[in-house]
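Since the structure comes first, as structure tokens, the remarks are kept for the end.
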Amino acid sequence: MSMLFYTLITAFLIGTQAEPHSESNVPAGHTIPQAHWTKLQHSLDTALRRARSAPAAAIAARVAGQTRNITVDPRLFKKRRLRSPRVLFSTQPPPEAADTQDLDFEVGGAAPFNRTHRSKRSSSHPIFHRGEFSVCDSVSVWVGDKTTATDIKGKEVMVLGEVNINNSVFKQYFFETKCRDPNPVDSGCRGIDSKHWNSYCTTTHTFVKALTMDGKQAAWRFIRIDTACVCVLSRKAVRRA
């Protein structure tokens, strides 16, 4: 009987200690009124509805206006893994006729922050081959007005057009190559046996590291740009008599 009595007393004490505290036990000054949470939830819902209903063009324009206020540490460009010969930050436009063999140049006498070091190829060659033509015609230009791009995850992201580096506004340029014409000749690609092959020229892509918008901060992302023009072949069906 005594053992049962002690067991009941112990169970009662444990239940008393485990009982949830009432609001009267909460220290003064730490209670948050329910009206505050209701107002906060209403504000979040309103902001979410506005973000979903805002046109993409308006968002891009707002982001473009904020890029001048984004300051980037120049030491960030010293990391080799972030360098790309097809991405350039410069205060002046690159030359219109860019050389695809040497994308490393100096603008206005000052080297860009993300300049890479590659050996220059000689413009002269001891052997000249006459009558050589590319199967596809391509055009290469520096693009400085890119506002959106597709990242490596297939998501559309905002590209930073301009950034502030050492109190100077640098513009982000991308060296892109694309096909001039999908059919340089009537049969498709140049120099292809049209009797046995179907052919056409198409632009291919690659991913480069670029500065993009991540909320209100700049972030490095892999984005897709046009980088080459290649010939696509498919064998024609053989007609049997």
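Backbone N, Cα and C atoms are what each Cβ position is placed from, and that goes for glycine too.
Listed features, source Swiss-Prot:
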{"type": "BINDING", "residues": "Y173, K209", "note": "1-acyl-sn-glycero-3-phospho-(1D-myo-inositol) binding site"}
{"type": "BINDING", "residues": "K209", "note": "1-acyl-sn-glycero-3-phospho-L-serine binding site"}
{"type": "DISULFID", "residues": "C136-C201", "note": "disulfide bond"}
{"type": "DISULFID", "residues": "C179-C229", "note": "disulfide bond"}
{"type": "DISULFID", "residues": "C189-C231", "note": "disulfide bond"}
{"type": "CARBOHYD", "residues": "N69", "note": "N-linked glycosylation site"}
{"type": "CARBOHYD", "residues": "N114", "note": "N-linked glycosylation site"}
{"type": "CARBOHYD", "residues": "N166", "note": "N-linked glycosylation site"}
Revision key, fill the gap. Neighbouring CB atoms within 10 angstroms of the CB of C189 (disulfide bond), all protein chains considered, total 24
Check your understanding: Given the recorded positions C136, Y173, C179, C201, K209, which one's Cα is the least distant from that of C231 (disulfide bond)?
Key -> C201
Review point. What is the separation, in Å, between the Cα atoms of C136 (disulfide bond) and C189 (disulfide bond)?
Key: 6
Revision key, fill the gap. Nearest to C189 (disulfide bond) by C-alpha distance, among the recorded positions N166, Y173, C179, C201, K209, is C201
Check your understanding: Using a Cβ-Cβ cut-off under 8 angstroms and a sequence gap of six or more, which residues of the chain neighbour C179 (disulfide bond)?
Key -> C136, D137, S138, V139, C201, T202, T203, C229
Review point. How many other Cβ atoms are found within 10 Å of the Cβ atom of N166 (N-linked glycosylation site), counting all protein chains shown?
Key: 10
Exercise for review: Report, in whole Å, the straight Cα-to-Cα distance of Y173 (1-acyl-sn-glycero-3-phospho-(1D-myo-inositol) binding site) from N166 (N-linked glycosylation site).
Suggested key: 18
Study note, to complete from the structure: Simplified to three states, DSSP reports C179 (disulfide bond) as strand
Revision key, fill the gap. Within 10 angstroms of the C-beta of C231 (disulfide bond), the count of other C-beta atoms across all shown chains comes to 19
Practice item. Report the same-chain neighbours of Y173 (1-acyl-sn-glycero-3-phospho-(1D-myo-inositol) binding site): residues 6+ apart in sequence with Cβ closer than 8 Å to its Cβ, ordered by sequence. Key: V87, L88, F89, S90, P93, P94, W142, V143, G144
Check your understanding: What does DSSP call C231 (disulfide bond) in the simple three-state scheme?
Key -> strand
